[in-house]
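Swiss-Prot has this to say about the protein:
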{"type": "SIGNAL", "residues": "1-39", "note": "signal peptide"}
{"type": "TOPO_DOM", "residues": "40-585", "note": "topological domain 'Extracellular'"}
{"type": "CARBOHYD", "residues": "N270", "note": "N-linked glycosylation site"}
{"type": "CARBOHYD", "residues": "N326", "note": "N-linked glycosylation site"}
{"type": "CARBOHYD", "residues": "N357", "note": "N-linked glycosylation site"}
{"type": "CARBOHYD", "residues": "N409", "note": "N-linked glycosylation site"}
{"type": "CARBOHYD", "residues": "N466", "note": "N-linked glycosylation site"}
{"type": "CARBOHYD", "residues": "N493", "note": "N-linked glycosylation site"}
{"type": "CARBOHYD", "residues": "N513", "note": "N-linked glycosylation site"}
{"type": "BINDING", "residues": "P542, L543, T544, R549, S715, D759", "note": "glycine binding site"}
{"type": "TRANSMEM", "residues": "586-606", "note": "transmembrane segment"}
{"type": "TOPO_DOM", "residues": "607-663", "note": "topological domain 'Cytoplasmic'"}
{"type": "TRANSMEM", "residues": "664-684", "note": "transmembrane segment"}
{"type": "TOPO_DOM", "residues": "685-843", "note": "topological domain 'Extracellular'"}
{"type": "CARBOHYD", "residues": "N705", "note": "N-linked glycosylation site"}
{"type": "TRANSMEM", "residues": "844-864", "note": "transmembrane segment"}
{"type": "TOPO_DOM", "residues": "865-1004", "note": "topological domain 'Cytoplasmic'"}
{"type": "REGION", "residues": "980-1004", "note": "region 'Disordered'"}
{"type": "COMPBIAS", "residues": "994-1004", "note": "compositional bias 'Polar residues'"}
Amino acid sequence: MAGTDSPAAARFVYRCLLFAPAIVVGLLLPLTLPPIAAAQRHTASDNPSTYNIGGVLSNSESETYFHTIISHLNFDQQYVPRKVTYYDKTIRMDKNPIKTVFNVCDKLIENRVYAVVVSHEQTSGDLSPAAVSYTSGFYSIPVIGISSRDAAFSDKNIHVSFLRTVPPYYHQADVWLEMLSHFAYTKVIIIHSSDTDGRAILGRFQTTSQTYYDDVDVRATVELIVEFEPKLESFTEHLIDMKTAQSRVYLMYASTEDAQVIFRDAGEYNMTGEGHVWIVTEQALFANNTPDGVLGLQLEHAHSDKGHIRDSVYVLASAIKEMISNETIAEAPKDCGDSAVNWESGKRLFQYLKSRNITGETGQVAFDDNGDRIYAGYDVINIREHQKKHVVGKFSYDSMRAKMRMNINDSEIIWPGKQNRKPEGIMIPTHLKVLTIEEKPFVYVRRMGDDEFRCEPDERPCPLFNATDSTANEYCCRGYCIDLLIELSKRINFTYDLALSPDGQFGHYLLRNNTGAMTLRKEWTGLMGELVNERADMIVAPLTINPERAEYIEFSKPFKYQGITILEKKPSRSSTLVSFLQPFSNTLWILVMVSVHVVALVLYLLDRFSPFGRFKLSHSDSNEEKALNLSSAVWFAWGVLLNSGIGEGTPRSFSARVLGMVWAGFAMIIVASYTANLAAFLVLERPKTKLSGINDARLRNTMENLTCATVKGSSVDMYFRRQVELSNMYRTMEANNYATAEQAIQDVKKGKLMAFIWDSSRLEYEASKDCELVTAGELFGRSGYGVGLQKGSPWTDSVTLAILEFHESGFMEKLDKQWIFHGHVQQNCELFEKTPNTLGLKNMAGVFILVGVGIAGGVGLIIIEVIYKKHQVKKQKRLDIARHAADKWRGTIEKRKTIRASLAMQRQYNVGLNSTHPPGTISLAVDKRRYPRLGQRLGPERAWPGDAADVLRTRRPYELGKPGQSPKVMVATPAMLGRTRPQQNILPPRYSPGYTSDVSHLVV
């Protein structure tokens, strides 16, 4: 088998070595080797005192140096503990991998090597190093390569214990990213072979770029990936696709032979001349036809075997020293034929090796998880005339920052076409597709009539393309942004086709489920979607610059600085029925009312108890004014307050008059203050806004009667999503959001929407145009409007510089005055604000109603007085009738008494003269009260008021006689008198001494 040198046999052996050991390792090792366990407690005496280090080297010189380094290592106490000695065991690398395997078993493993250092000549291929890795890895013996750079050695499923002090070829992708960031290139084309290393470098570039660009401002994107089969014969087909791409920066990984074919064909297509940039890997740099101006990379110390041998030995010694101090090291395996060997210490040693980080002869030596060298330095090579290689930069380790750093001297670079100036790296198109959107006053859109064939001079055609049937509706656009676009095209020299946003939206980020897709995918809609998907080159519209959009597109410097504000309708003047009461608060009105009556009461008391008041003056003239009563005092207090004339009822005492003067002064101040404030409230006052700004409590804690909204998917909508403190407000307003700003503004005018939150430029324009609208509070969320371009667009810097020049020249200020701030309209609004209101019925209706209430109150009171007076008159009339009846009855009684007295006198006279009647007889008219039973027998009499309820006085009708006649007198005999009842049951009659003249009880 030693004579198997043909390429076919070598490839066969390589495949066998590639797959067979992998299968064996994959199937047997999980069954025979337990997982790595933690080291147990040990002592220094448990570890071996001698360690054999194997070497599979490419030449005798390397073997000699390896022996020397091991000898010197034993005297370095920094790396070698006491009582520990290292010995070297070396063999020569054979081109035959099978022979190499046997040599490793017989000459290295049989001598208990703890690790193997392997190198080979670059021209011999990687079959022999792979054989060493397979064999040693099977027994968990670490292998340190110093020259193998293929990507296959990074696969730890196959090369389980392989490390290397050189980086793999595909690590050059890291240097590519640094170079692109340095030159600020944003679009690239990657050319790579379809082998393992070619695909590895592409994957490394794509993976690393995702995290690399988080720390830098300029992001490079891959516009085109060109993959070719090795052993090229022609590259023309791929060059055609590359020529139509926009990028002119080519990153190439290819072997030296393939690079020659690519450079040959690219030169024929004039793609290696001025304006093109080629950045290639180490192998391509050695092509014999590399064009002038090509940039390439070359690994530092790539061919310094001695340096790598020394670094690998010291890395190994450092790992063994730390392992000795931490755990017990078992002896290395000795029998290559024993497949059951499980050297756990070898696996642990491999982990210690990967964690090393030392400063070696080839630079900073450290490893990643795959055992590949990191912190490797590169030279940046510039190909000059006659294939001369000139170092123009270095990619080296910065010990202060503990990271790699790129340093390139741009002035020393000669670019393709022998140019000293860095190419743009991109083909700059001069005819652009520009999109805009209707948004007053920045863009006014007018549909063309059927008979119109062109727009007005200040307008530009802006068709609206239908996404479903690709038809276009013809429109004309003008406004702030259209004038800006016209001036930009003149200044930086490009032509354009203008069109409207297909869906009429600025665009927002949506999760969409594409047909047949299993997962959701985020996509931009509207203007943003057109630009991100490269269906447009530029957006000239009031497009707010925010982080969400800046992640996917480029923005120029702002052409208009603005913020977010709130638009609301001005509250109408409150012309209520009690408008005249507005100058004073309710509390003050109550105090004034109370003061009037308190002062009136005090005036009355002062005048009542003063010794100089009319109540105390006994000799006062009867012609003088009457004393001040309480009613007059109240009248006086009200009269002074209302400034009416006081004709009567003024206080007389000095103390009361002093109080009256003070009250008059108080009334003067109150009336003057009321008059002044009434004018301010009814004439000069302008209503304020309902909201104080975004921090208004009514917005933060939205009530049912307060509605606020913005445009869904807009930059304002994104702003509210970002602000945590506005989350409650956003959840409330999200359901009210509108599709367009125009709809929301119309609803504000109609009163359907209380607050519309939008860009300040648009809302200030609306407020200046309509005096009924006003912006509330200060600006918040300050940002700006910018021109949107594709990521990496070559026009970004030119547009930015042009906009800055426009600001300096005053052109932007001119656009502001022309389109946003309508001076005459705003002046009219200010004049309207300052003009006093003419008082109308609405303003003073309350006063008239107050007068009406007074009149109605007076009428009501007079009706009550009339009714009361009628009642009093009726009562008085009844009293008069009763009094008249009583007087008449009294007269009758007196008359009867007189008659009876005269009759008694006559009877006495007759008795005395004639003695006709027997003694003891009296007139019943006189003694009837003493003999009621006699009266009862004589017949019933009338009942008189004043008699007891149970006693009836009887009076015989004939007793009174006829009118004009004297009553008849009945003479009672002693027998009749003897049948009388006891005296106690008799009540006195009206004419008895108990009689009273009060007749009020007679009134019914």
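Every residue, even glycine, has its Cβ placed from backbone N, Cα and C.
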Pairwise CA distance, R549 (glycine binding site) versus N493 (N-linked glycosylation site), rounded so that it is a whole Å: 27
Span of P542, L543, T544, R549, S715, D759 around glycine - largest C-alpha separation, Å: 16
Residues within 8 Å of the P542, L543, T544, R549, S715, D759 Cβ centre (excluding the glycine site residues themselves): F506, I545, N546, S714, S783, Y785
Distance [Cα-Cα, Å, rounded] between N326 (N-linked glycosylation site) and N493 (N-linked glycosylation site): 72
Candidate with sparsest Cβ neighbourhood (10 Å radius) among N326, N357, N409, N493, the listed glycosylation sites: N493
L543 (glycine binding site) CB neighbourhood, other CB atoms within 10 A: 27
N493 (N-linked glycosylation site) and L543 (glycine binding site), distance between Cα atoms, whole Å: 23
N493 (N-linked glycosylation site) and N270 (N-linked glycosylation site), Cα-Cα, nearest whole angstrom: 26
Residues that sit under 8 angstroms from D759 (glycine binding site) by C-beta distance, when 6+ apart in the chain: P542, T544, Q562, G563, I564, T565, S715, V716
Cα distance (Å, whole number) from N357 (N-linked glycosylation site) to N409 (N-linked glycosylation site): 30
Local confidence of the prediction over the topological domain 'Cytoplasmic' (607-663), expressed as mean pLDDT: 70
